[in-house]
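Written below as structure tokens is the structure these notes are about.
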Amino acid sequence: MLPSWTIGLLLLATVRGKEICYQPFGCFSDETPWARTCHWPFKLFPWAPKDIDTHFLLYTNENPNNFQLINITNLDTIEASNFQLDRKTRFIIHGFIDKGEDSWPSEMCKKMFKVEKVNCICVDWRRGALTRYTQAVHNTRVVGAEIAFLIQGLSTKFDYNPENVHLIGHSLGAHTAAEAGRRLGGHVGRLTGLDPAQPCFQNTPEEVRLDPSDAMFVDVIHTDSAPFIPFLGFGMSQKVGHLDFYPNGGKEMPGCQKNTLSTIVDVDGIWEGIEDFAACNHLRSYKYYSSSIFSPDGFLGYPCASYDEFQEEENKCFPCPAEGCPKMGHYADQFQGKTSAVGQTFFLNTGDSGNFTRWRYRVSVTLAGKRNVHGYIRIALYGSNANSKQYNIFKGSLQPNARYTHDIDVDLNVGKVQKVKFLWYNHIIDLFHPELGASQVMVQSGEDKTEHKFCGSDTVRENILQTLNPC
């Protein structure tokens, strides 16, 4: 519940349409372009910093489990902490009805410590986020100003380069990061938007929302981009970065179509279960990012005009072009062409659980046999690292000497493909006991374009495996 003086201030702002100032963070207007962005009948001011009560929780490799509280108006707390000036600093900013302490941001920090030396600051603005959505939208402006104030202080007092800062924001946190980046003139090194919030931000002016000018490099993961009305998509669909990733098309994530009960029981804790059911697609963005820290190669994004084109048989978006494909998530900034243009779109498919990783291959099967058969053909890859399960390549009329091609997303990194196993079946009783085989199987890796050719000389009855070796 808001303090009475704050309610009075908001009512006054509604009538007078002026600005409110919170020193040392500057002034905040309720006029265009911030007014009525949500079709809300009242103009709103952001709450005062003391009411939002933002906490900056510093975790480092030296204190991965217990944070050190940073006071942004007293940078002696930086000197007294484990903050290291020779390391990158990653800020992780939660979104609406969320928190930064004892939640996914601190868990993400712990994963980072396994792969790098880094300062990891969780921005906990839960009091400003646990209110009605439209008010939380405006509160992001103050939180963004506070983040910018801290980064500017690090630069001024310690000569810390803003290019070494990476802002990571989920939902409303993405636009909070954008506000911070904008206040710093876009000089922050990197900004990652994890399914930036759609309501109040979609198709608004750039100064209101996340856009590519907010940092030197902006990468975005879209996972819940269906229209808010009528589909209740919480994330933006429009391109707002240098690299915009749309896993699974950016709207419906695998594993998010379960029934209410199974979703709630599947996860740790009843509250997390309810939250996961209500916003499963929206939350996938930070889960994908977190998983990418350990498994970067399993989140390769392919440049493509649309998801439909990406899913087409023998699509033109496969394999990766000469300049390569970016890795969605933690290592997206390693992509050579990351800032060559804004609004570059990339597509990929993910798994429905676990670490969500997938490796894409194009498989072409040439059949051998004596007669046409109606049924299914499947292929398993056997590699230097692991062996895959059987993947469907085609169903329908199977014709000897015909070639069937399909792109598959393998759920583990098999390494170098050393052999393949072919299987066909039709589940129909056939008194003639037909036989089919694969005379040739071509397997191409999406990442490095390498092709492997396998040959066979046999035919087999249905549900009998045929092994093909290199030729």
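Even glycines carry a Cβ here, placed using N, Cα and C.
It should be emphasised that the depicted structure is a prediction, and the values quoted were computed from it without experimental measurement.
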### Task
Examine the ranges 27-49, 142-164, 257-279 and name the one recorded by Swiss-Prot as region 'Required for galactolipase activity'.
257-279
### Among ranges 93-105, 184-196, 197-209, whichever one Swiss-Prot labels region 'Required for galactolipase activity'
93-105
## Note on the structure
Quick tally, other C-beta within 10 angstroms, Glu206, Asp211, Asp214; top of the binding-site residues is Asp214
### Summary
Using a 10 Å radius on the Cβ of Cys325 (disulfide bond), the other Cβ atoms enclosed count 22
### Task
Return the member of Cys21, Cys320, Cys325, Cys471 nearest to Asp195 (active site, charge relay system) in space, with distance defined Cα to Cα and candidates limited to these disulfide-bonded residues.
Cys325
### Query
Per-residue pLDDT averaged over the domain 'PLAT' (359-471) comes to what?
93
### Message
For the recorded positions listed here (Asn71, Ser171, Asn355), tell me which residue's CB has the most neighbouring CB atoms inside 10 Å.
### Response
Ser171
### Task
Find the shortest Cα-Cα separation between Cys471 (disulfide bond) and the recorded positions Cys27, Glu206, Asp214, Cys320, Asn355, and name the residue that gives it.
Cys320
